[in-house]
Amino acid sequence: MSGRDSRGAGGGGGGHQPLSNAMGKLKEKLTRVGDELGYHRVESNLSTSNTATSLDTILPEDPFLFPQVSPQRHPQNTVRTQRLLEDEPPLSFRPLLEDDDINEPPTQQQQRTPLRASGSLELTPLPPPPTSLEIREHRDRQQRGAQGDDLQRSKQSLKGSRVSFERRDTGNSNTNSNKAAESSDEDSFEEKRTGFQQQKATSVDHKGILKDLKHILANDNRRQFQAKKHVSLDVKGTRFLQDLLKESSSEEEFHKTRREFQGRKHQSLDPRVTFKLDKVLQGSSTDSDEEGEDAEHKRLIHRPKDITKPVIIDLKDLESESDEDFLTSRQHFQQQRSISTDSRKSRRLYEMDEMGNKRGENIRHAVPFVRQITEDGKPKLEVYRPTTNPIYIWTQVLAALSVSLGSLVVGFVSAYTSPALVSMTDRNITSFEVTQDAGSWVGGIMPLAGLAGGIAGGPLIEYLGRRNTILATAVPFIVSSLLIACAVNVAMVLCGRFLAGFCVGIASLSLPVYLGETVQPEVRGTLGLLPTAFGNIGILLCFVAGSFMNWSMLAFLGAALPVPFLILMFLIPETPRWFVGRGLEERARKALKWLRGKEADVEPELKGLMRSQADADRQASRNTMLELFKRINLKPLSISLGLMFFQQFSGINAVIFYTVQIFKDAGSTIDSNLCTIIVGIVNFFATFMGILLIDRLGRKILLYISDIAMILTLSILGGFFYCKAHGPDVSHLGWLPLTCFVIYILGFSLGFGPIPWLMMGEILPAKIRGPAASVVTAFNWFCTFVVTKTFQDLTGAMGAHGAFWLFGAICFVGLFFVIIYVPETQGKTLEDIERKMMGRVRRMSSVANIKPLSFNM
């Protein structure tokens with residue numbers, strides 16, 4: 001085709017003759033194609049490209065791309081054709097002008113066939129055919145590389161062409177000779193179009209394959225990460241760290257060996273063998289290090305061929321010195337943990353040998369240590385849990401008994417006003433007058449002073465020490481009781497009550513701290529009940545003694561109770577943790593020797609305390625008070641405050657403080673002092689019932705039971721007092737107030753008594769638990785003050801029935817508060833609770849709760 005350009009440009013007049021012949025044949029071929037294939041011309045301005053490549057725009061009909069057009073209507077299709085050709089990738093084009101088109105003259109049939117189109121073409125007479133020399137020169141030009149230029153011009157001509165053809169549906173049948181002439185061109189076009197469609201489909205499939213591949217790789221990486229994370233918490237690994245901690249001489253050595261151990265565990269997930277899921281792994285017999293390492297991987301990991309099935313990673317072979325079966329070890333570990341935490345098995349247990357004889361070794365010490373992971377990822381080791389030392393129960397019982405005597409004094413002081421106010425307001429016994437308003441202050445000033453004592457107790461236990469702070473409350477307790485016993489006016493009574501309340505606030509904060517830092521975890525559950533039990537004993541003792549003594553003699557008894565408490569406090573040491581916090585390592589060692597036994601190896605536990613204190617010092621610079629006001633912390637703080645509010649405004653302290661007066665006003669046929677004793681006994685035993693049921697029924701179930709019981713009893717009590725004042729005679733129902741009070745105390749002790757304090761430690765975030773607990777405790781004391789101070793005013797203004805109905809209505813609102821806002825925390829870890837409450841978690845993992853590793857990859 002480019003040869004024609006050369007001839008037309010440089011041939012002069014004679015050179016135009018072959019070009020005219022070629023153009024004539026081209027027009028003739030165009031006419032023949034249009035007739036035989038059933039196409040008609042839409043545009044009259046045919047592009048006369050020398051290469052004639054525009055004829056490639058004669059597209060066969062495709063039902064998926066072009067609509068059917070009837071013979072009568074032939075709309076222009078130039079825009080759609082041009083856009084279609086521009087969007088498609090460039091294809092290879094070939095000229096339609098063949099050698100036989102040049103050498104073969106047109107037939108008369110072809111010359112007579114007109115081109116059916118909207119615009120006619122004027123056909124010129126056919127020129128003579130080209131000579132053989134011109135044909136040879138044309139072929140030489142094609143061989144010298146003119147095809148590339150022709151192809152480029154063909155593409156440009158194709159893009160700029162505005163010629164479009166539509167299929168004309170005619171009934172005329174074409175001759176077999178015309179079909180044979182055009183079959184090669186049509187087949188070539190169909191082949192190119194099919195190839196293009198295949199190429200496009202392949203491109204789409206390629207993108208989908210890449211997307212699926214990325215998804216598969218992402219899932220595989222996620223499974224590997226989860227596997228590594230779970231492997232690091234394996235029980236066998238924890239036991240290794242336990243032995244490692246005892247053998248390490250420094251913190252750096254422990255961390256170094258720990259990293260090496262974790263590296264060994266993570267090698268079981270080496271990517272070199274992770275994807276070889278289609279091979280059966282067997283040990284290697286070669287001596288090279290690399291093959292030996294691979295054999296070790298294969299020996300440690302047992303993977304199924306299907307990666308969707310659960311993968312069990314057995315780490316029992318990580319410790320070369322341990323050849324105990326993993327399942328047996330796991331069962332043994334669970335038994336040890338159950339024994340150490342079950343209060344019903346608190347008696348001394350012994351291991352049995354194969355013959356069933358006692359070995360004489362206490363196995364409760366086998367509980368692993370609690371490992372806390374701080375926010376920066378470093379391990380925080382609390383008081384060293386595992387020890388081979390026997391548990392010297394008597395020394396720790398002595399320490400717990402000493403501080404629990406302080407709790408007995410607290411209970412006695414709290415219940416003092418209930419039996420004492422009856423005789424104190426009697427002018428035949430008291431030399432000074434105690435008005436109703438003064439009596440309300442006698443009962444209400446103690447919780448107000450307890451609020452101040454709780455705030456002051458926090459700094460005191462840090463500066464003076466836990467033991468010294470508790471010891472410092474003994475003498476003020478004695479002085480406060482003597483002030484009340486020797487009082488000659490109401491002011492002395494109020495001063496004594498205020499001083500006693502201040503000591504109560506300090507003791508309520510420092511007693512549990514001392515027990516938590518001195519008693520071993522194996523007996524902490526049992527000994528931790530002593531303060532609560534002794535507090536209830538103090539309340540019962542006050543009720544019993546108050547039935548036989550007046551307010552002055554009862555105060556003298558209260559002054560005598562702190563004396564054994566004071567003596568025993570001199571016998572016990574300060575907590576080792578406080579000594580470590582002050583840098584007194586030697587004194588901490590002596591304290592541990594006293595608590596654990598002279599022959600005990602206390603060095604590992606002492607090192608654990610020092611590490612824990614170092615971590616606490618790093619966190620001490622953070623201002624946690626500002627964290628209380630963040631939005632994410634307001635929900636758990638509000639729930640704790642709400643529980644404390646409904647606990648106190650259920651009227652419990654009003655009932656405890658004014659039990660005798662309430663029974664006198666009720667006109668019960670049972671002696672009022674006997675009624676208070678019965679209430680004290682019920683309160684004592686109901687506390688232990690709540691402890692037994694709280695982990696079996698759940699927190700919310702017990703809160704429901706407690707709230708419903710208090711609502712019913714308070715409503716019945718209100719109705720009883722209303723009928724007594726305004727309605728029919730109820731003297732024959734003298735047993736009803738005592739029955740209601742017993743059920744009321746029982747319901748309170750099951751739920752709203754212990755659970756608000758328990759849930760305060762569960763739902764408050766770890767980062768703000770200290771300051772938040774102080775705020776909640778102070779709020780509890782404030783509510784106690786309001787209830788006890790205003791109870792007599794309420795009964796005077798609304799009547800006893802109005803006060804009890806008010807408390808019942810508050811309990812009714814509290815029931816809906818529990819249903820809507822209070823979460824269930826039974827069986828959940830602190831991480832799960834914090835994640836649910838705040839949406840984030842601070843990792844605090846106890847390996848005692850870890851189950852054998854089995855997870856899905």
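We count from 1, first residue shown onward.
Including glycine, each Cβ sits where the backbone N, Cα and C put it.
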Residues flagged as region 'Disordered' in Swiss-Prot, choosing from 1-28, 253-280: 1-28
Check for me whether Swiss-Prot puts Val519 and Thr659 on a single side of the membrane. no
According to Swiss-Prot, which residue out of Asn45, Asn428 bears the annotation N-linked glycosylation site? Asn428
Between the transmembrane segment (771-791) and the stretches 393-413, 474-494, 701-721, 741-761, work out which stretch tops the count of Cβ pairs under 8 Å. 741-761
Under a three-state reading of DSSP, tell me whether Asn550 (N-linked glycosylation site) is helix, strand or coil. coil
What is the three-state DSSP composition of the topological domain 'Extracellular' (414-440), stated as helix, strand and coil residue counts? 14 helix, 0 strand, 13 coil
Selected stretch (most C-beta pairs under 8 A with the transmembrane segment (529-549)) from 393-413, 498-518, 741-761: 393-413
Tell me the Cα distance separating Asn428 (N-linked glycosylation site) from Asn550 (N-linked glycosylation site), rounded to the nearest angstrom. 11
Close approaches to the transmembrane segment (498-518) from elsewhere in its chain (Cβ under 8 angstroms; 6 or more beyond its ends): 383, 396, 399-400, 403-404, 406-407, 409-410, 413-414, 445-458, 460-461, 466-467, 469-470, 472-473, 476-477, 479-481, 483-484, 524, 527-528, 531, 572, 575-578, 595, 777, 781
Long-range Cβ neighbours of the topological domain 'Cytoplasmic' (695-700) (under 8 Å; 6 or more residues past either end): 755, 758-759, 818, 822, 824-826
List, in sequence order, the same-chain residues at least six positions removed whose CB sits under 8 Å from that of Asn428 (N-linked glycosylation site)? none
Let me spell it out: take the topological domain 'Cytoplasmic' (462-473), skip the flanking residues so only those 6+ beyond its ends count, and list any with a Cβ under 8 Å from a Cβ in it. 403, 406, 503, 506-507, 510-511, 513-514, 517, 566, 569-570, 572-575, 578
